[in-house]
Amino acid sequence: QNLPQSYIELVVVADHRMFMKYNSDLNTIRTRVHEIVNFINEFYRSLNIRVSLTDLEIWSDQDFITVQSSAKNTLHSFGEWRKSVLLNRKRHDNAQLLTAIVLDDYTLGLAYLNSMCHPRNSVGLIQDHSPINLLMGVTMAHELGHNLGMEHDGKDCLRGASLCIMRPGLTPGRSYEFSDASMRYYQKFLDQYKPQCILNKP
């Protein structure tokens, strides 16, 4: 597939519960997020997408939105905050909120569909559900996938020996890839929405 070279300038925000969970150690959180983004880049290479961590913001004093166990409400608040505050402060294409709260209904992440480059909706919410960076990378790559137009694969989807990243639930495994269906969804998103913000070089 001839997918264009795209660049996602990503901001990750770690909430106050994350700060407390990691004993107020900024370096631990930083290292973790960098490793997560490294995995995301490995997954997205097949789609010709480069993800760069433009900024990592850690809410060390307090949360700037109300983080609650309702994923829907928290995602909505985060989108509003991104549009009104974060976008004015730093140019970026997408923001992901990393929270240590336990989300309702066994939710590990939530994101808007077809929303990359949208001022309010180019966001995702990720629960810090596993100490394993690979699995966190899969979760964030999955939510970013929704932002890029990808719907869920079947629950048993495999690509060769790898588990498909857009499976509805997270199955622990050793290797993960985007399915052909995910690539087609992304191509369709590019054709329909023409997301200018990821087509420019950072």
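Backbone N, Cα and C define each Cβ position, glycine as well.
The pyrrolidone carboxylic acid annotation in Swiss-Prot covers GLN1.
According to Swiss-Prot, the feature domain 'Peptidase M12B' maps to 6-202, an assignment based on sequence analysis.
Neighbour list (CYS117 (disulfide bond), Cβ cut-off 8 Å, at least 6 residues apart, same chain): ASP93, TYR193, PRO195, GLN196, CYS197, ILE198. Annotated disulfide bond per Swiss-Prot: CYS117-CYS197 (among others), in sequence order, evidence recorded as experimental evidence.
For HIS152 (Zn(2+) binding site), the count of additional Cβ atoms within 10 Å of its Cβ stands at 17 [all protein chains shown]. Annotated Zn(2+) binding site per Swiss-Prot: HIS142, HIS146, HIS152, in sequence order.
Under the DSSP three-state reduction, GLU143 (active site) is assigned to helix. If you look up Swiss-Prot, you'll see GLU143 marked as active site, on the strength of sequence analysis.
Sequence-distant neighbours of CYS157 (disulfide bond): residues of the same chain at least 6 apart with a C-beta under 8 Å from its C-beta are LEU163, CYS164, MET166, ARG167, SER179, ALA181. Taken from Swiss-Prot, the feature disulfide bond applies to CYS157-CYS164 (among others), supported by experimental evidence.
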Please report the distance from the Cα of HIS152 (Zn(2+) binding site) to the Cα of GLU143 (active site), rounded to the nearest angstrom. 10
Segment-level pLDDT (mean, integer) for the domain 'Peptidase M12B' (6-202): 98
